[in-house]
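*Asks:* Would you mind keeping the following structure in view while I ask a few things?
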Amino acid sequence: MRLTLVSCVTVFLAKSCFILYVKQEEERVDQGKDCAVRMKGITKRFGHFTALQEVDLEVQKGTIHAILGENGAGKSTLMNVLYGLYQAEEGSIEVKGKRVNIKNPNVAIGLGIGMVHQHFMLVENFTVAQNIILGQEVTNRFGVISMAKAKEQIEEMVKKYGLHVDPDAKIEEISVGMQQRVEILKALYRGAEILILDEPTAVLTPQEIQELIHIMHNLTKDGKTIIIITHKLKEIKESADICTIIRRGRYIDSVKVSDVTEEELANKMVGHAVKLVIQKEKAEPKEVVFEINDLVVENERKLEAVKKLNLKVRKGEIVGIAGIDGNGQKELIEAITCLTKVKSGSIKMNHEEIQNTSPENVIRNKIATIHEDRQKRGLVLNFTVAENTILETYKKNEFSKKGFLNKEAVLKHTKQLIKEYDVRPEDCENQLVRGLSGGNQQKVIIGREIANEPDLLIAVQPTRGLDVGAIEYVHKMLVRERDKGKAVLLISLELDEVMNVADTIAVIYDGKIVQSFEQGTVDEQTIGLLMAGGNKNGQIK
Amino acid sequence: MDRLNKILKKQITATFIAIFFGFLVATVILAVAGYNPFEAFAVLFKGIFSRPKYMANVIIKATPIILTGVSVAFAFKVGLFNIGAEGQFIIGTVAAAMAGILLDLPAVLQFPLLILIGMAAGALYGAIIGFLKAKYGIHEVITGIMLNWIAFYFCNYIVNTHTFHQDNSTGSKNIREAGFDIIYNWKKSAGGKSFLKENPTLMEIIGKTDLNIGIIFAIAAAIIITIVLNKTTKGFQLRAVGFNKDAAEFAGINIKKNMIHAMLIAGALSGLAGALMVTGISHKLSTLGTFENYGFNGLSISLIATNSPIGCIFAGLLFAGLLYGGGSIQSEIGAPSEIINIMIGTIVFFVALSRFIPVLVDKYGRRGGKHVK
């Protein structure tokens, strides 16, 4: 009896000792493995443009790590470096504690990194199961694909993570949310431990977003690591553990999401980078020239992106629309410029309704637009500077007679414009606009649009990608137009720009103008909060 | 060094280099096959230049392919790939032949009317492609190829209908003589006959060949298209749509209308080539066993001319010269005339490759510059 007791105690002691030892051992291993990804001093340049400058990133295993930043801040570039699509010029990458050189996506996949791109890469007329196993087919011993086996494996993953999809459905027949799950399954099937999701919610409905967040939590419970690229603060708050903020290619901060408010995140993202103070008199607004009433516009997915938006712009003032990307700005612009159809509501210019007409009619109604994408919408890159300056006005008697272009008049006009707007190089009228720098390209556009003598000048992200000198110039031009008595509408994702340039600041959130302020009557914090969906009293809805 | 770089960067230099390579490859192949390449080339050039008649035949052969070449080049300039030139050409021949058989007007009206009808038919046929692209976004290569086959079988159908079929033949009836080419009608007239008798050289060039006024149409078309593209507002719109339709749309240019117009014009050019074929050379339709390649050759010509309408004139003459002169390689020294096809293929291949020459010049030119410093 005693003997058994003693032996029991010894066995127990030995067991606990062993367990303790094992636990310690596990911890030691965990410390090494704790950090799923460590990127240090990553610098990536495209030609003369520095997309990333010494960016650091540390992602803990089993967490959801958000990367927050404005469009063009460099967050996708950073992830593409991690996934091996781009090679960084400087910096090092460690995956699971080991220094690695990710030359191409195959290396990344081998390291257990999976990426779901914003635009899905699926074969439309293949089934879900076929897409998932594509490139990693399960075969029997004769080299024939064994779909039954593949489906079994897929069903297992589906059950484990709650990624409900029908393996036999064709991609073209299922919803976008489902397609995204297929992409996630595809990555998991390839053994991904670290999953990068690039703007995963951009294409989803609110309900699908909730489901996705649920799936992400399921995945991290199983020890997977998720990196999500986004600029939607609400979703970060709901899903992420840690958030790294990037602005203009630079690392800003890494914060524990539970410790910060959405407002703080918004401020960090939008930043107070360069304080540009614009010299201008107080605005003297006159009558309303441009008016939007109860405007409803659907996005590509037939979801309402602009929801009963109201806006007025008066002569002699700059109205700035501040907001985080994806709150209906894109759809609003496309509706005003008649690139997309309006579902309901009206857009009036000088009391004439212009919605659902044509871009030509918009220009005829004296609206000039500086589009945010100057290379796609603003310029014909393979045209000369001269040709670009008459892109909208070539039909005017000044530039053509009886269908023949008057080249001399066009050149004369262009030379004048080049001089007035200080486009460089000086004698570039016969050069392709492709060869000009971004700032000079923008000057060509601004010169062209202002030469049209519009009553309303719309500038969308007019300083995107420009250097400080060019930014200042663009702002000066906007103020000059205002002083001439024109109405100016500025839509920008950079809060500083709106705060500095605009006389009236309107905040857009979720497809609506939530509130308008006169310049100087409001601080950045209030605006930041409203941009993030809070109300004036400081509460987030 | 700089000047050399500049010359090398010019497209025309690249084209000549490509032609040189074409001959080089032909030389190697001929040598390997056991023929004397220089003898072969001598025969080739003799076959083109030794007699005025031969040169006239080259011009005759060049006419339709210059026009289809301009058609393709024009479409390229506005961002469309007109592989349907073949079908537009066939429809042009069919419409001109049908009208030529059915209508009975004085020659002053008949001939220009046939040309116009052929052009109009080709234009409408091309516009279908433009319309389908503008309205439903169907790629012009798909519709172009399909419409080629429709034109092909439509031609064979028309040839075999009672109204048009010539008994005991595989072709249609001849069109009425009033619709024949002006030069043809002149040389058959009493005045023309006596004039040619007194001028043996002209007799050889005109009397013994099918030389027709088509080449004037072809050259005029190339010039007009160049002017339209570069000097008119229409051309400005078309090029803007071709280079960047998003920016064109944003600037208020109607991109759908311009796509249709572009294909309308391209179709008219190919249709014109077809009409000239009927009035000037064939005078009737034949049952088609396979495509005659007038449209497809237009693609090669446009490529060799790097989509310059004026360049198409020279590329067309080169192409026709090689094809025509190539025939004598076989008859004189027994080398297969396919060598000519290899040469043409090589030239097209190297012209296509020549887009890289400026890139290479940039790369190595700069490197060389650094050494100098």
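From the backbone N, Cα and C atoms, a Cβ is placed for every residue, glycine too.
The shown structure was predicted, so the numbers you read here are calculated from the model rather than taken from an experiment.
I grabbed these lines from TrEMBL:
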TRANSMEM  B:12-34  transmembrane segment
TRANSMEM  B:54-76  transmembrane segment
TRANSMEM  B:83-103  transmembrane segment
TRANSMEM  B:109-132  transmembrane segment
TRANSMEM  B:141-159  transmembrane segment
TRANSMEM  B:211-229  transmembrane segment
TRANSMEM  B:262-281  transmembrane segment
TRANSMEM  B:301-327  transmembrane segment
TRANSMEM  B:339-357  transmembrane segment
*Asks:* Which range out of B:83-103, B:262-281, B:301-327, B:339-357 gives the transmembrane segment (B:109-132) the most CB pairs under 8 Å?
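*Replies:* It is B:262-281 that shares the most Cβ pairs under 8 Å with the transmembrane segment (B:109-132).
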*Asks:* Taking contact to mean three or more C-beta pairs under 8 angstroms, with sequence separation of 6 or more, is the transmembrane segment (B:301-327) in contact with the transmembrane segment (B:262-281)?
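*Replies:* These two stretches do not touch.
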*Asks:* So, taking each listed stretch (B:12-34, B:54-76, B:211-229, B:262-281, B:339-357) in turn and counting its Cβ pairs to the transmembrane segment (B:83-103) that are under 8 angstroms, which one gives the highest count?
*Replies:* B:262-281
*Asks:* Are the transmembrane segment (B:54-76) and the transmembrane segment (B:262-281) close, by which I mean at least 3 Cβ pairs under 8 Å that are 6+ residues apart in sequence?
*Replies:* yes
*Asks:* Under 8 Å, at least 3 Cβ pairs, sequence separation 6 or more: does that hold for the transmembrane segment (B:12-34) versus the transmembrane segment (B:339-357)?
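*Replies:* Yes, the transmembrane segment (B:12-34) and the transmembrane segment (B:339-357) are in contact.
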